[in-house]
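> First the structure, which I've put down as structure tokens, then a few questions once you've had a look.
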Amino acid sequence: MLIVFSLSSLSCCYSLLSIVLFLSPLYRVASLSSLSCCFSLLSIVLFLSPLYRVASLSSLSCCFSLLSIVLLLSPLYRVVSLSSLSCCFSLLSIVLFLSPLYRVVTLSSLSCCYSLLSIVLFLSPLYRVASLSSLSCCFSLLSIVLLLSPLYRVVSLSSLSCCFSLLSIVLLLSPLYRVVSLSSLSCCFSLLSIVLFLSPLYRVVSLSSLSCCFSLLSNVLFLSPLSCFLSPLYRVVTLSSLSCCFSLLSIGFSLSLSSLSCCFSSLLCFSRSSSLTILIMFSLSSSSRSPQKGRTALHWAAGAGNEQALRLLLDHNNEVDVEDSFGMNPLLLAAWFGRLKILQILVASGAKLNCENKNGLGLLHCAAQRGHSRVLEFIMEDLVEDVLLDRVDNSGKTAFHLAAEHGQLEVVEFLIGMGCTHGLKDKDEHMALHLAAKHGHNEVLQKLVETGVDIDERNIDGLTPLHLSSDGGHYECVKLLLQACCNVNALTNKNMNALHYVAQHGFERETSLLLEAGVNTDTVDGQHTSPLHIAVLHNHTEVVRLLIDAECDLDISDHRLQTALHIAAEHGRQDIAEMILIAGVNLKLLDKQGKTSLEVAARGNHVILVDMIIKADRFYKWEKDNVISDDDSWLGKQLSFKQDHQVETQHLRSVTWRLATKDLSRGEWKSLAQHWGFTDAHIRSIEQQWTGTKSFKEHGHRMLLIWLHGVVIAGENPIKGLYEGLTGISRTDLAESIRQKANADTSSPKKCTAM
């Protein structure tokens, strides 16, 4: 037989089926509905079963003895008990390959899978009896099935250890378990079909056989559904079998909300079957609540828009105003989800119109927030006497506020047309205009501006709509408000203008809009912080560039007396620091601790920044002493204070490296620096870097590169400068050596000819 299924031979499969069918006496008796023969055969089977006899006598000790024998005779059980994984897999392989059904599943042979299903169906006497609606045989067979099940007996006796043992055996021998392990989707569906069709109760339900349904339910009460999709009750609902649905529910089947709520809730949302209505009536009464949200069937029906279920529940005296854990009743849910017809039914059934949830949201609030204009029209046109248009929730918001906050333009237009008050404020003193600007709802904002409300109105924190839209980076809203001539320099309670907010978030486009509108770039807030301070602190390079281009004041000090350059130096912002240095800043300003920006950079060990500030300081001194006219100024020219990586100066940088690391002794770099006009502050800042006992070599090299930067900018001869400097500190030997090498090197860009 295994070969047939391995080869997926459909014709041989059917031949084998015929043989198996006729070899079953019990099947033949069941087919003929011969009650006397059925009982005779059953009696034989019963008395031939020692386990049944033990169970009938309720002999617990013998039951355990028999079960122990069965278990100990099972090699697979022994392997599982010993936790021998390798042997377990070996035994499983044997069992699996001996199973034709498993082989079919493994080969994903769909045709043979269906053939095997047919075999299993026709081999089941109970299934045959159920199909033939033979009530007398059905009772007989059911009694046998119950008492012949050792697992059922174990469960009845509450023997936990035996239960686990038996379940372990069943699980490992299950082809369905193997399919799930292999993630074979097609075979999984096939096996699930097998499980469904193997259930007599399921078959009865599918065939809508009412008499057999009662018989099965009366005698097999232990068959409570283990999962949603294997549940006969679930199948009844999906097939809309009314008669069987009544049978199942009246016999005691009920829906467990704790375990099956998701499945049946989804059915409630999407199904319109009459069976589902019956299910709701019996299993989801007003006293049954979902554990998560405390909702009854009436809530689900209202939210899902199931009119049939709603009417049935209302006809059975369900409380129309029952609330869930959020204070939402069916009427509020209908308004929230836009179920107009449901709303009308509930109103006609006497639902309270002035209800509200725990947040104070009423009918208008729910419909307005969700944008259900048709529901609003019904409320305002038919229920206007009972519903207040400007009613507020716990936060002081009206329906108009919520519609503007959530961008519901159609609702906003409707409420304006109904005459709502435009300028009402909530507990935070937000008007609808503030909320639309805050959340970037440009079209709603445009509509509100057209109503003529004050666009510079302030909330509890002193923020105008321009502040809120700037803080959110809502470009179109900022643009609209500026075009409407709002006050671009309006200040909040913290003395901040809109530019502070865009600088904080780095919104470049919004910054440009505000600068074009003439915003004050030098406004300081309560901490005496300017927009430039904020942009530097948050490292928004492009915003800093825009502010510098707008000629903001670079020397404003905050509450710590720090300029923007102090902040850049403290946080190591090289790009921003260079922009500020190129723009021209006062390097002498001190913070509260008496530190210049140079000393702040040195304290933070920002070596590159230290060198940049010294370069800038020396450059501006040179420019002050040497630039006579604007034509000679470096303003607008390509100027940089960063490290030099130009190819043209590579040879000179090599000379300075050799000089600092090979030729100059400890302390000589300081003498050379003083000769070239480095201040004591410059030298201290360079010297603050510590890399070990030979740090002086690194210090000397940095000083020489800073000096070289100034020489290149001034257009002077660097070799000549080195010669004069070394001579000035009495190192004529080094000076002469450099001069000779420079004159001998024809590739040198500068020769020392004027000595």
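Keep in mind that glycine also has a Cβ here, set from the backbone N, Cα and C atoms.
Keep in mind that what you see is a predicted model, and the values were worked out from it rather than measured.
So TrEMBL lists these for the protein:
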type	residues	note
DOMAIN	668-742	domain 'Death'
REPEAT	293-325	repeat 'ANK'
REPEAT	326-358	repeat 'ANK'
REPEAT	395-427	repeat 'ANK'
REPEAT	428-460	repeat 'ANK'
REPEAT	461-493	repeat 'ANK'
REPEAT	494-526	repeat 'ANK'
REPEAT	527-559	repeat 'ANK'
REPEAT	560-592	repeat 'ANK'
TRANSMEM	28-48	transmembrane segment
TRANSMEM	55-73	transmembrane segment
TRANSMEM	105-123	transmembrane segment
TRANSMEM	129-148	transmembrane segment
TRANSMEM	155-173	transmembrane segment
TRANSMEM	179-198	transmembrane segment
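Are these features on the surface or tucked inside, and what touches them?
Over the repeat 'ANK' (326-358), the average per-residue pLDDT in this prediction is 93.
Beyond the repeat 'ANK' (461-493), the same-chain residues lying 6 or more positions past its ends with a Cβ under 8 Å from any Cβ of the stretch are 428, 433-434, 436-442, 445-446, 449, 455, 499, 501-502, 504-505, 507, 509-510, 513-514, 517-520, 523.
Here the repeat 'ANK' (494-526) has Cβ contacts under 8 Å with residues 461-462, 466-467, 470-471, 473, 475, 478-479, 482, 488, 532, 534-535, 538, 540, 542-543, 546-547, 550-553, 556, 558 of the same chain, all six or more residues outside its ends.
Same-chain neighbours of the repeat 'ANK' (527-559): 497, 499-500, 502-508, 511-512, 515, 521, 565, 567-568, 571, 573, 575-576, 579-580, 583-586, 589, 591, counting only residues six or more beyond its ends whose CB sits under 8 Å from a CB of the stretch.
With helix defined as DSSP H, G or I and strand as E or B, the repeat 'ANK' (560-592) counts 18 helix, 0 strand, 15 coil.
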> Could you give me the DSSP helix, strand and coil counts for the repeat 'ANK' (395-427)?
16 helix, 0 strand, 17 coil
> Six or more residues out from either end of the repeat 'ANK' (395-427), which same-chain residues have a Cβ under 8 Å from its Cβ atoms?
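Beyond its ends, the repeat 'ANK' (395-427) has Cβ neighbours at 359-360, 364-365, 367-373, 376-377, 380, 389, 433, 435-436, 438-439, 441, 443-444, 447-448, 451, 453-454, 457, 459.
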> Taking helix as H, G and I and strand as E and B in DSSP, count the residues of the repeat 'ANK' (494-526) in helix, strand and coil.
17 helix, 0 strand, 16 coil
